[in-house]
Amino acid sequence: MAVGVFDSGLGGLTVLDAVSKRLPDVPFVYLGDNKHAPYGVRDADDVYTLTCAATERLWDAGCDLVILACNTASAAALRRMQESWVPRDKRVLGVFVPLIEALTERQWGDNSPPREVAVQHVALFATPATVRSRAFQRELSFRAIGVDVEAQACGGLVDAIEEGDMILAEALVRSHVDALKRKMPTPQAAILGCTHYPLMQEVFQDALGPEVAVYSQANLVAESLADYLGRHPDMIGTGDASMFLTTGDPKRVSDHATHFLRRRIQFDAA
Ligand code: DGL
């Protein structure tokens, strides 16, 4: 029994860490498409094709349920995959909905009509492809009315984090927050809509100020997965071992991942 966790690269390890802590008995197969990362600068068709290929690889590894721990894939490909591609006996879930349910104070699967919620001014920080897709605004509009969303595409930030250049990453966070604040001076909540950004959460919080509630996904996704598996235990697939797979160079990716998560991680070729 295993559940697949997919990301374009290493950022999804923040989600993997949270889901494995929350569900210690479930084996997880992680797949990073490092060969084709970053996804954030690709067009939607490209992200769709790559995400389908990676999802099939995880199905082959015995994972009937695949979590797209990549916001760019969740935003640019998930709806199309669910509508026309995923077979009946498989599931692919994304990372946006748990976050939006938390923001709009909804229980999982509450499909009642959109209503007014406590927050009215929300800042979204994400990759250029996620911002372009407007998937966040679309999913939010199914659940809430009267929420003003200002999105800031954080060009360069994923690359700086992947390279471990935290000085550049901090400078980029501060300049992207400044740019956002010029468009929306007093956001009430900020969404870190990219798997890499939790590593910079303190800098985001500092730049935004203490009055802004900063939402990041890993723990919200873990709670929602635990809830989902409680209701659909049959969706834990046949795979029985945790593993880390990459489409990139396993040694290079293992070294980067170890640096990224500050613990030893061994990737194998996908
Ligand atoms: N993992 C992607 C996301 O969450 C960011 C990295 C990329 O651009 O591939 O949006």
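Each position is counted from 1, following the chain as shown.
Glycine too: its Cβ is placed from the backbone N, Cα and C atoms.
TrEMBL labels come from automatic prediction, so no person has curated them.
Over in TrEMBL, the protein carries these features:
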| type | residues | note |
| --- | --- | --- |
| ACT_SITE | CYS70 | active site, proton donor/acceptor |
| ACT_SITE | CYS194 | active site, proton donor/acceptor |
| BINDING | ASP7, SER8, TYR39, GLY40, ASN71, THR72, THR195, HIS196 | substrate binding site |
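Features per TrEMBL, on structure.
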| residue | record | contacts (Cβ under 8 Å, 6+ apart) |
| --- | --- | --- |
| ASP7 | substrate binding site | LEU13, VAL15, TYR30, LEU31, GLY32, ASP33, LEU68, ALA69, CYS70, ALA73, THR195 |
| SER8 | substrate binding site | GLY32, ASP33, ASN34, HIS36, ALA37, PRO38, TYR39, GLY40, LEU50, CYS70, THR72, ALA73 |
| ASN71 | substrate binding site | VAL95, PHE96, ALA126, THR127, THR130, GLY193, CYS194, THR195, GLN217 |
| HIS196 | substrate binding site | LEU10, GLY11, THR14, LEU157, VAL158, ILE161, GLU162 |
Exercise for the section: Ten-angstrom check, please: count other Cβ atoms within 10 Å of the Cβ of CYS194 (active site, proton donor/acceptor), all chains counted. Expected result: 27
Exercise for the section: May I ask you to report the DSSP-based helix, strand or coil state of THR72 (substrate binding site)? Expected result: helix
Fill in the blank from the handout: Taking the centre of the Cβ atoms of ASP7, SER8, TYR39, GLY40, ASN71, THR72, THR195, HIS196 as the substrate site, the remaining residues of that chain with Cβ inside 8 Å are GLY9, GLY11, GLY12, ALA37, PRO38, CYS70, ALA73, THR127, THR130, VAL158, CYS194
